[in-house]
Each structure stands twice: as C-alpha cells, then as structure tokens.
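See structure below.
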Amino acid sequence: MEPVKMTNSSDDFTQSAEPFKLFAEWLADAAKSEPNDPNAVALATVDPDGLPNVRMVLLKDFDETGFVFYTNYESKKGQEILSAEKAAMCFHWKSLRRQVRVRGPVEKVSDAEANAYYASRPRGSRIGAWASKQSRPLESRFALEKAVAEYTAKYAIGDIPRPPYWSGFRIRPVSIEFWHDRPFRLHDRVLFTRPTPEGDWNKDRLYP
C-alpha cells in the first residue's frame with residue numbers, strides 16, 4: 001500500500017487560523033486512509049442525572065455553521081440532546097494518528113435539510129426509520145422484522161415520507177481541538193474557542 005499524502009504535516013497544522021478549513025483537510029486525509037467510515041464520530045450526551053452517554057454516529061454534513069448528524073428524536077440520544085441542548089463529539093483516525101474534539105450547543109436542522117437527506121437514503125433505511133422504535137425495549141428480532149415487513153407493504157408504491165420524529169441535529173461549536181500524535185507523547189494540540197457560535201475564534205497551543 002502506498003503511503004497517504006497528507007495535506008497538512010504535523011508541523012504546519014498548528015499555524016492554521018481557520019478550524020473548519022483545517023477540519024475539511026483532515027477529513028479528506030481520513031477518507032484516503034481509513035478502511036471504514038472516515039466520518040464516524042463518537043457523540044457524547046448527558047442524561048437528566050448528569051451521567052454521560054457516548055456512542056458512534058456518522059457525520060453527514062458540516063460547514064461554518066456546524067456539524068450535522070441524523071437520528072430518531074425519540075431515541076435516548078435524541079431526548080438527551082433535546083433536554084440539555086449541548087453535546088460533544090470526538091473524531092479519531094488511527095491511520096493518521098489524529099483526533100478532533102468538538103463541543104457546543106445543539107440545534108435542530110431545518111425540515112428542508114432533513115427532507116433532502118432522508119430522500120437520499122436507501123429505501124431500506126427509510127423503511128427502517130419507521131420500523132425501529134429506537135432505544136426502546138425490543139421483544140425479539142422477529143418483532144423488528146415484522147415491523148419492517150408491515151412498513152414495506154404500507155409504502156410499497158411511491159415515496160416514503162420522513163417520520164416526524166426523525167431528523168437531524170447540528171452542533172454549533174464553541175470549541176474545536178486538533179490533536180496529532182508525536183513521539184514520546186509530546187503531541188501537538190491546538191485549541192480554537194469562541195464565546196458563542198457567532199463569535200470570533202481564539203486560538204491556543206496546548207501542552208500535550
């Protein structure tokens with residue numbers, strides 16, 4: 001296997017003043033080197049008692065306004081986000097020995113955004129959004145397959161509408177940290193912070 005050409009070396013990424021541009025470059029590098037799902041990210045939320053939950057989701061879009069993923073709003077993660085209105089995520093690309101951490105308030109995506117993404121999903125995934133009562137107890141695999149069969153029959157012809165409880169969230173970051181592995185644990189870390197999602201970025205280099 002040929003080595004992956006990096007768009008930013010460990011030495012020069014610390015000079016960047018634009019976190020979203022830097023993230024785009026790192027994600028592009030990951031798309032070349034990661035064997036599966038370079039857009040996979042660990043998403044952290046907290047329950048009403050303050051106990052954290054973390055799980056993997058897929059980043060589906062990002063721009064200067066934030067990082068977007070989709071889920072069932074009635075799931076545990078959906079309910080925790082709707083309650084706390086804050087979340088954090090961590091990208092880790094082993095092949096590149098890089099990590100990006102994101103923290104910030106969360107908002108719902110627009111219906112237009114959710115409809116466009118939902119329409120792009122495979123038909124089976126759209127059926128699954130109706131059939132799965134995400135995070136709730138499931139009697140058996142058969143019960144899930146039965147629900148899939150029922151919704152497949154219901155929507156056998158024509159478009160499959162987006163369930164009202166299925167949509168997306170956007171994390172609007174107030175903190176983005178870039179980390180790159182270096183020998184002897186003397187890693188490179190750069191932290192971008194701002195007081196609000198509309199504010200200007202401040203940049204600090206951190207001790208490893």
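Glycine too: its Cβ is placed from the backbone N, Cα and C atoms.
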Site co-member for substrate according to Swiss-Prot, given Tyr117, Arg121, Ser125, Arg185, Leu186, His187, out of Lys32, Lys60, Lys76: Lys60
For His187 (substrate binding site), the three-state class that DSSP assigns: coil
Tyr117 (substrate binding site) versus binding-site residues Arg55, Val57, Tyr70, Lys76, Arg189 - nearest by Cα: Tyr70
Cα separation, Gln99 (FMN binding site) to Lys60 (substrate binding site) (Å, whole number): 18
Of the binding-site residues listed as Arg121, Ser125, Arg185, Leu186, His187, the one whose CA lies nearest the CA of Lys76 (FMN binding site): Ser125
Ser135 (FMN binding site) versus His187 (substrate binding site) - Cα distance in angstrom: 38
Protein Cβ atoms within 10 Å of Arg121 (substrate binding site), excluding its own: 15
